[in-house]
Amino acid sequence: MDERIISSETVDAEEVSFETSLRPQNLSQYIGQDKVKNNLTVFIEAATLRNEALDHVLLYGPPGLGKTTLAMVIAAEMGSQIKTTSGPAIERPGDLATILTSLEPGDVLFIDEIHRLSRAIEEILYPAMEDYCLDIVIGTGPTARSVRLDLPPFTLIGATTRAGLLSAPLRDRFGVIDHLEFYTEEQLTEIVLRTSNILDTKIDDLGAREIARRSRGTPRIANRLLKRVRDFAQVRGNGTVTEKLAKEALTLLQVDPRGLDTIDQKLLHTIIQSFRGGPVGLDTIAASIGEERETIEDMQEPYLLQIGFLQRTPRGRIATETAYNHLGISYEKEV
């Protein structure tokens, strides 16, 4: 049993390969995020008709909602090549300059975790995004001089789980800013059925819905759970994922009916039992359960807020009456 099947923050090479094999090739195949898709369809068609590069796009939202996939789809819809990198991978101005000067007209540059770019790197991006040019310094000391290089028109797509950490000047240079929302149970059921078809896994509608119900609104988690439930179907069942088998498998994996895993439950139990339900600061919670603050902010908190189990206040986090009821703990309202 892997208690991180839900709350794992890392995506290993095997899972990246798995996700790549499942990715849709165009917007019509992309399930969910209808408002974002509808707007992008218009923007892409307009840019194509004008024979221009699409405006720079910022995609933000919790992990696993399809930001990277959507970037790939945008590039495919534009008929463009995509080059991918991440904020932590661009350590020096020269790293970014090398990437920018390798772009061809109409290319898409995708930067994941764009909030982790240093300010020095951001400043190089400003003229590149705004004027399609790159200012580089040649030489050192008194003989140093600045040279401006022209860049081909390109589209930068940035993805982040923490849009609030982006500097205002960088954020303002994106023409399209879209927030990816948690998926509905119906959308996730459709995703599970699509994935099972690609994996050649037999599954009935109720089995797919049970997996979707416990996937906390996140396609990556839905696909991850399907892989594990498929194992149980092959070893302990007849190869078909049914509702009964899905419930049994997910219970053994310690994923409860609302999609909470052991880390989520530990967090809520700590707030309720150690801090009388809160308010309690996030740093204190992190220290109490042995997790990084950033992990809680990215992996646990968004979903717990979404389903009403947690409240964020100026004084700290509070476990709600709904959370008490879910955990079977008596709730006493303060007078």
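Numbering starts at 1 and runs along the chain as displayed.
Here the Cβ of each residue, glycine as well, is placed from N, Cα and C on the backbone.
Counting every protein chain shown, the number of other Cβ atoms lying within 10 Å of the Cβ of Thr68 (ATP binding site) is 21. Annotated ATP binding site per Swiss-Prot: Leu22, Arg23, Gly64, Lys67, Thr68, Thr69, Glu130, Asp131, Tyr132, Arg173, Tyr183, Arg220, in sequence order, evidence recorded as sequence analysis.
Under the heading Mg(2+) binding site, Swiss-Prot lists Thr68.
Per Swiss-Prot, the feature DNA binding site maps to Arg293, Arg312, Arg317; the stated evidence is sequence analysis. Counted within 10 Å of its Cβ, the other Cβ atoms near Arg293 (DNA binding site) come to 15, all protein chains included.
Look at Swiss-Prot and you will find 1-183 tagged as region 'Large ATPase domain (RuvB-L)'.
What Swiss-Prot lists as region 'Small ATPAse domain (RuvB-S)' is 184-254.
Positions annotated as region 'Head domain (RuvB-H)' by Swiss-Prot: 257-335.
Summarising the DNA site geometry, the residues cited as binding it (Arg293, Arg312, Arg317) extend over a maximum Cα to Cα distance of 14 Å. Same-chain residues with CB within 8 A of the center of the Arg293, Arg312, Arg317 CB atoms, the DNA site residues themselves not counted, are Gly281, Leu282, Ile285, Ile296, Glu297, Glu301, Leu310, Gly316.
Looking at Arg312, Arg317, the binding-site residues in this record, the fewest other C-beta atoms within 10 angstroms of the C-beta turn up around Arg312. Annotation note: Arg317 (DNA binding site) sits in a strand segment as assigned by DSSP. Distances between the Cα of Arg293 (DNA binding site) and those of the binding-site residues Gly64, Thr68, Glu130, Tyr132, Tyr183 are shortest for Gly64. Of the listed binding-site residues Gly64, Glu130, the Cβ environment within 10 Å is emptiest of other Cβ atoms at Glu130. Across the structure, Leu22 (ATP binding site) and Arg317 (DNA binding site) are spaced 37 Å apart at their Cα atoms.
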